[in-house]
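These notes concern the structure reproduced below.
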Amino acid sequence: MAETAAVQNVITKERSVSNPTRGNARAEGRKDPWSQLLERVGRHQDRSAYRELFEHFGPQIKYYALANGLSSHAEELVQEVFVSIWRRSSTYDWRKAAASTWIFTIARNQRIDMLRKMRRTSRETPVETEELWQIPGENENEPVTSLHRLMSERRVRDSLRHLPEDQITVIAKVYMEDKSHQSVADELGIPLGTVKSRVRLALNKLKVILQDSSA
Amino acid sequence: MTQHHPDTHTLMEYSAGNLSEPYALCIRLHLDQCAHCRSQVDTLDSLGAVMMESQPSADVNDDMFERILGRIDTETATDLEVHTEPKVRTAYSNALERMLESDINDLPWKRQLADVSVMDITHLFPDQHDRVVLQKLTAGGKALEHTHRGRETTLVLQGAFADNNGVFGQWDFVTLDNHDTHKPVALEGDDCITLSVLTAPLKLTGTFSRVLNPFIR
Ligand SMILES: [Zn+2]
């Protein structure tokens, strides 16, 4: 099954991510290699670092585009995302988001943007995509750092491999296939309540739901 | 402090980029003021990154990286400067006011009842099906009792109102559906202004239902 492969994939990549910086100074130790590469792009317009990011994230983003139904525009999306990464890299701050999280939000926004342009019936754009969906760290008023934020990606990655497949399937459909909880339920032929409880169980395990949440 | 938050499922659909624009606007305005939900969305964005990484990948064209470099070089020569300039911020405090190009208190409100004014802003969200309505309940004023068909999501932009479910203050997020009948009352102080997204018109339960616009809180 794709999901099993997916989980193994996470494990393999997780290893390669967490090992190299072990012996470094404390602050550096929190920075994963992708974030270091992205910083090099931002500070020095380092093209070899940029290429490494492209080789790692480019194929992920292309699959993301395909899964989202952007078949004939998939490569265009990858291009847009990488041009955007280059433009914005000087604003990237590893204390505000891991590189992969930051890149995911850029891919998400570029996808939304592309769909909006394709659907548009009028010339007017009353609101920019990024007024609605923000890239982490781009709000000047946001306090600089929280440990929660630094740790969240590592924690999510560590916990994900312990989730049962039915929970991962539901979450993958929401994130990768542009599906609401309702359309996931329709597609899998299960009640909406079941979809919601799978999501809730998963998020509880990933500790996304904070103690006092109203969910 | 906001007391009423969007549920985790809605935040996840937001993080995944699956919400329609009016719902995304409600979430975004809430997030601007709610550290609790921001922190959840941060983690959900990380979940998105890990999901993307955990899926299969698809080969990209061999020459794509060169093409991207080509675009960057062209842009560096021409308009990259423009992109790196900080965005010009207007005097308006949030995305909604920038869309309206107005402070919410200075809008051309349409009075519908002694205490109730509305402004339909659906036209600001072309290419989607939800109705988007701003509603203003005069400080201390009462709305008619009404019930809901479909789902109504409301964000309090200013002031506060109370109904049988509790008190809802600035930036509180409320979702009502078919089974909810309520009769909101604005608290004293500021006029209560709300932003509502409606999936279907709501219906009045009182006797005036024939003559009134369906969008009355
Ligand atoms: Zn909140």
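Note that Cβ sites are derived from N, Cα and C of the backbone, with glycine treated the same way.
Cross-referencing A:1-33, A:133-165 with TrEMBL places the feature region 'Disordered' at A:1-33. Computed over the domain 'RNA polymerase sigma-70 region 2' (A:53-120), the whole-number mean pLDDT of the model equals 94. Per DSSP, the domain 'RNA polymerase sigma-70 region 2' (A:53-120) is made up of 57 helix, 0 strand, 11 coil.
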